[in-house]
Amino acid sequence: MSSYFVNPLFSKYKGGETLEPTYYDCRFPQSVARSHTLVYGHGAAAPGFQHPSHHVQDFFHHGTTGISNPGYQQNPCALACHGDATKFYGYEALPRQPLYGTQQEATLAQYPDCKSSNSTNPGEGQGHLSQNSSPSLMFPWMRPHAPGRRNGRQTYSRYQTLELEKEFLFNPYLTRKRRIEVSHALSLTERQVKIWFQNRRMKWKKENNKDKFPGQRGEAEAEAEEEGNEDGEAEEGEDKETEEKEESKE
């Protein structure tokens, strides 16, 4: 099993080269040596540390499954000797690039308008936003005095209401000529006068439950009086005839 993985490795290295990683060829720095003297003293011997290079070679040559030497111990200064973890097995770390910058440049490349707006000053950007927020198109119904937009309810003054009531009592139906005269006299439009009279007629019908309006009341009374007079005259004539018949019989 081990030979299957070892053979490709030997084809890459020459006979004089070794498979020893580069990070083992380091020396103790002065700070580590100084700490060693403080911990163990000048005359004390440091714990046993054995270079693991021959174990690596034995592993590839003999196919051993692991390091079987019981005397091997991990020294506390091993991390300082080995150096940075990014240089493990001789590989150096690649230079890091800011991810946010690359993503931002990619998005700005797709949308050049955003890039041009970001390059401007903040004050100019705020002005640009305020200009964009305002509507660019003005439709007719958005204007204050648009023809298709409904106006508020018309309020009539006391003088206008009084004059309209007088005109309604005189004649509930106005001709076109009289409507124009009333509208000019009261500073109203012809349509406003027409609507007021329509509403007033409906109100009067609901209050009185009658079909005849106040302007037609005099005519109706006159007709009723005439009918009553005719009936009275007819009754008087009949009474006279009956009296004459009775006298003749006697």
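Numbers here mean position along the shown chain, with the first residue as 1.
The backbone N, Cα and C atoms fix where each Cβ goes, glycine too.
Summarising the annotation, Swiss-Prot assigns region 'Disordered' to 112-152 (among others).
The compositional bias 'Polar residues' feature in Swiss-Prot is assigned to 115-136.
Sequence annotations record features per position, and here Swiss-Prot assigns motif 'Antp-type hexapeptide' to 138-143. Each residue in the motif 'Antp-type hexapeptide' (138-143) gets a DSSP state, and the totals come to 3 helix, 0 strand, 3 coil.
According to DSSP, the secondary structure content of the DNA-binding region (149-208) in residues is 42 helix, 0 strand, 18 coil. Residues or ranges marked as DNA-binding region by Swiss-Prot on the basis of sequence analysis: 149-208.
Annotation source Swiss-Prot lists compositional bias 'Basic and acidic residues' at 206-220.
The region 'Disordered' annotation in Swiss-Prot covers 206-250 (among others).
Taken from Swiss-Prot, the feature compositional bias 'Acidic residues' covers 221-241.
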